[in-house]
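**Q** Attaching a single structure in structure tokens format; questions to follow.
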Amino acid sequence: MSDYLVKALSFDKQVRAYAVNSTETVGEAQRRHQTWPTTSAALGRAMTAGAMMGAMLKGEEKLTVKVEGDGPIGAIIVDSDAKGHVRGYVSNPQVHFDLNEKGKLDVQRAVGTNGTVSVVKDIGLRENFSGQVPIVSGELGEDFTYYFAVSEQTPSSLGVGVLVNPDNTILAAGGFIIQLMPGTDEETISKIEESINKTPPVSKMIQDGLSPEEILYQLLGEDNVQVIEKMPVKFQCTCSKERFGRAIISLGESEIQEMITEDGKADTQCHFCNAEYHFTKEELKDILEEAKMA
Ligand SMILES: [Zn+2]
């Protein structure tokens with residue numbers, strides 16, 4: 001089944017909610033980057049949050065989430081847009097630790113507990129919107145919750161989770177975000193808190209076969225959920241040979257000339273999706289001509 005995300009309103013539009021099954025999307029990232037389980041959980045949680053944050057955008061808007069902690073996986077970078085496209089990578093994909101004392105993948109240890117979470121939104125204005133908060137937990141769910149509270153002044157409850165098979169493939173991945181609009185009454189808040197506390201982890205709900213809609217029914221009550229949009233989500237990169245060609249042009253004539261005479265070729269690779277693009281000597285000569293005209 002393909003991944004999708006739902007947006008919903010609840011409690012007389014006092015509450016906005018998002019839920020996503022991101023199993024295939026995270027699976028694709030795992031295959032492309034050959035991540036080990038702890039890294040898969042960290043990257044998958046960030047990509048799942050990123051997909052839902054992308055769904056809060058409009059039209060051609062897009063965003064980049066960066067988690068830069070002091071743990072061994074290094075930086076996590078995730079790009080997403082308003083159309084359900086998400087891509088991401090980590091500095092060190094092959095990191096794995098024993099499960100933590102709760103029996104879960106030890107994302108905190110992989111990410112680290114010191115550092116920053118930043119979000120840059122390209123919303124078509126000259127200046128991008130950007131927000132940055134310190135890492136408060138390293139488990140990522142709490143960190144994104146903190147980001148929403150501080151940088152966007154939106155009280156939110158966010159859950160993201162990833163389960164990994166013994167062969168390192170992704171068993172289940174998904175998440176939810178519940179956001180309180182200004183003026184949400186106390187009764188609604190305590191009802192939601194109570195319900196979140198008794199709901200199983202989101203990765204478990206996905207593993208049990210719950211759809212994104214059903215996850216929101218669990219969290220908010222079936223009668224309370226008004227789904228307003230359903231959107232496919234997938235791993236998609238924006239790279240192409242043409243883009244890499246333009247990047248080579250921007251290196252300038254002397255650099256390109258050096259590639260031609262010294263290597264006779266250029267091999268490039270996209271960080272986000274690991275796709276490789278190879279340029280032959282002839283192609284580099286054409287690129288050099290273009291650089292001369294630029
Ligand atoms: Zn790519």
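Glycine residues also receive a Cβ, built from the backbone N, Cα and C atoms like all the rest.
Got these off TrEMBL a minute ago, pasting:
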- Cys237-Cys239: disulfide bond (DISULFID)
- Cys270-Cys273: disulfide bond (DISULFID)
**Q** Distance check, please: Cα of Cys239 (disulfide bond) against Cα of Cys270 (disulfide bond), rounded to an integer number of angstrom.
**A** 7
**Q** Using the alpha carbons only, what distance in Å do you get between Cys273 (disulfide bond) and Cys237 (disulfide bond) once rounded?
**A** 6
**Q** Run through the Cβ atoms and count how many others sit within 10 Å of the one on Cys237 (disulfide bond).
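**A** Result for Cys237 (disulfide bond): 19 other Cβ atoms within 10 Å.
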**Q** Between Cys270 (disulfide bond) and Cys237 (disulfide bond), how far is it from one CA atom to the other, in Å?
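**A** So the alpha carbons of Cys270 (disulfide bond) and Cys237 (disulfide bond) sit roughly 9 Å from each other.
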